[in-house]
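Here is the structure we will look at.
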Amino acid sequence: MKEFFRLSRKGFTGREDQDSAQIPDDLWVKCSSCRELIYKKQLNDNLKVCPKCGHHMRLSAHEWLGLLDVGSFREMDANLLPTDPLGFVTDEESYAAKLAKTQQRTGMADAVIAGIGAISNMQICVAVADFSFMGASMGSVYGEKMARSAERAAELGVPLLTINTSGGARQQEGVIGLMQMAKVTMALTRLADAGQPHIALLVDPCYGGVTASYPSVADIIIAEPGANIGFAGKRLIEQIMRQKLPAGFQTAEFMLEHGMIDMVVPRSEMRDTLARILRLYRQRSTSPAKAELAGRRATLPQPIM
């Protein structure tokens with residue numbers, strides 16, 4: 001769906017001579033929020049946002065790559081494959097078997113697609129998580145791709161865009177899954193040292209160790225309207241605290257109101273918003289004031305060792 005974010009907003013038009021036998025089974029989609037039926041083509045033309053209530057439905061990683069300029073994306077680290085370091089087995093199936101089934105169903109090696117692309121002719125590194133792959137749980141490959149993306153952005157001197165959704169750390173990989181939180185965060189310090197920004201986009205749902213680590217230390221944190229963002233889930237918190245939580249708790253709007261994120265941006269405005277942010281950073285990096293400051297630093301006396 002390279003043209004996903006550039007589709008026309010035309011409504012659905014049907015042929016009057018179609019009989020019921022020719023109507024495909026997946027012609028309609030029911031909105032999980034307002035429960036209204038929507039023509040699938042109309043929904044896709046509207047970037048999978050319900051035209052009746054504005055509910056933002058989930059996108060795949062490949063669909064999110066439609067934010068980039070057409071033909072600009074080049075995938076990196078596609079050869080990284082998850083392993084089963086613990087030989088994890090439950091009564092139902094092994095982790096290795098579950099991985100194989102998920103890979104066959106999704107056509108993905110793991111939950112993250114990473115690479116180099118451009119938005120409005122401005123080069124960036126990008127890493128996108130896909131919730132359809134084991135809930136985008138963060139395992140060794142997820143963390144490695146995110147860390148390499150940060151290091152690649154630092155090496156190339158370009159911004160990093162991460163699009164984040166997750167249910168948390170991948171339990172089947174134990175402490176190896178948990179350590180990805182620290183690994184990715186440390187890689188981002190090298191990006192900061194290179195003077196390049198990390199823009200994190202949080203989409204529904206984003207929970208657990210992912211929320212608690214690298215997206216939360218981004219330079220700019222953006223969320224989609226209505227996205228659920230948190231560490232533990234709302235129901236779990238209510239069970240532990242034995243009291244009801246405030247209305248809208250853990251939604252993007254709640255997080256914005258309490259200063260946890262910077263912006264809530266509708267999907268239809270996302271590409272233009274990212275382009276505007278990238279232009280601001282580009283102007284900052286090429287400003288005369290910054291060049292003068294860099295020159296002053298270069299002439300500072302070196303410390304005596």
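The backbone N, Cα and C atoms fix where each Cβ goes, glycine too.
According to Swiss-Prot, the protein carries these features:
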{"type": "BINDING", "residues": "CYS31, CYS34, CYS50, CYS53", "note": "Zn(2+) binding site"}
{"type": "DOMAIN", "residues": "27-296", "note": "domain 'CoA carboxyltransferase N-terminal'"}
{"type": "ZN_FING", "residues": "31-53", "note": "zinc finger"}
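Feature annotations (Swiss-Prot) mapped to structure.
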residue	record	Cβ neighbours (10 Å)
CYS31	Zn(2+) binding site	18
CYS34	Zn(2+) binding site	13
CYS50	Zn(2+) binding site	20
CYS53	Zn(2+) binding site	13
The zinc finger (31-53) - residue tally per DSSP class, helix then strand then coil: 6 helix, 4 strand, 13 coil
Taken over the domain 'CoA carboxyltransferase N-terminal' (27-296), the model's mean pLDDT: 93
Zn(2+) site, defined by CYS31, CYS34, CYS50, CYS53: further same-chain residues with Cβ within 8 Å of the Cβ centre: SER32, SER33, ARG35, GLU36, ILE38, PRO51, LYS52, GLY54, HIS55
